[in-house]
């Protein structure tokens with residue numbers, strides 16, 4: 001069952017409550033009202049913490065209100081706090097999975113280097129560690145892929161563009177991580193096969209020495225038995241290497257399936273850049289058209305009938321004023 005840690009959110013609400021209640025009374029009454037508001041006591045003194053319909057991404061977005069009802073004066077000292085949408089939690093969870101996968105991949109690289117080093121032991125512990133780390137990384141990648149599909153399946157909303165950008169970014173990071181793991185596994189597989197070929201050459205040399213030693217004296221039989229023990233040990237190592245190679249091949253196949261699923265979610269960065277350039281060009285052309293329309297409207301306003309009428313009226317008023325002055329002078 002999936003759970004979410006709300007300790008930080010609780011502390012945020014508690015600190016907000018303290019800052020609001022501090023100027024309203026003494027420290028003792030503030031502590032009492034804080035306890036009553038958080039525990040739901042019927043005191044009527046504490047404020048109500050209410051999750052109202054506000055958003056961190058869009059102030060016009062509405063969410064389901066969650067409030068603690070106080071039977072007393074609940075309208076006094078109300079604190080309004082907005083909650084982010086659900087897909088933000090999903091994206092944060094995917095980011096945590098990707099970070100854990102990166103850490104495990106670093107440990108896996110060290111385990112690969114340690115397992116490929118020549119040693120006198122059987123290497124079962126290193127192989128078990130490699131197998132465990134590979135399974136953990138693959139599990140984290142699959143879980144991230146499922147959460148990413150859940151994020152892409154979210155319905156349309158007012159912040160869908162932000163959600164799509166976050167989805168593309170996480171999908172790109174997940175694809176790069178899968179490619180890196182696939183490359184590590186392929187390199188490890190090649191080096192294992194190379195060591196296997198070297199072991200086969202060593203076995204052939206030991207077999208030749210054993211056949212040659214059969215014609216020697218009885219004193220050389222002890223050395224021949226020692227060679228036989230080496231051959232058996234080499235055969236056991238070859239069998240273990242075969243198992244390791246098979247496990248690596250299976251993990252590479254799983255990674256190939258993950259890459260195939262991610263290819264449907266990742267959008268090429270060049271396409272995004274082209275889309276941005278296209279939008280910028282559209283904005284530039286729209287601004288140019290708007291400027292032309294404004295200039296045309298200005299010319300039309302200057303040469304319109306209203307301007308002509310106003311000009312004629314001003315001229316007539318001036319003529320009438322002159323005639324009035326002349327009339328007064330002559331009479």
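Even glycines carry a Cβ here, placed using N, Cα and C.
Per Swiss-Prot, the feature compositional bias 'Polar residues' maps to 31-40.
Annotation source Swiss-Prot lists domain 't-SNARE coiled-coil homology' at 235-297, citing sequence analysis.
DSSP labels the residues of the topological domain 'Vesicular' (327-331) in these numbers: 4 helix, 0 strand, 1 coil. The topological domain 'Vesicular' annotation in Swiss-Prot covers 327-331, and the record cites sequence analysis as its basis.
Swiss-Prot lists 306-326 with the feature transmembrane segment, giving sequence analysis as the kind of evidence.
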Same chain, outside the topological domain 'Vesicular' (327-331) by at least 6, Cβ under 8 Å from its Cβ: which residues? none
Across the topological domain 'Vesicular' (327-331) the predicted model averages a pLDDT of 82
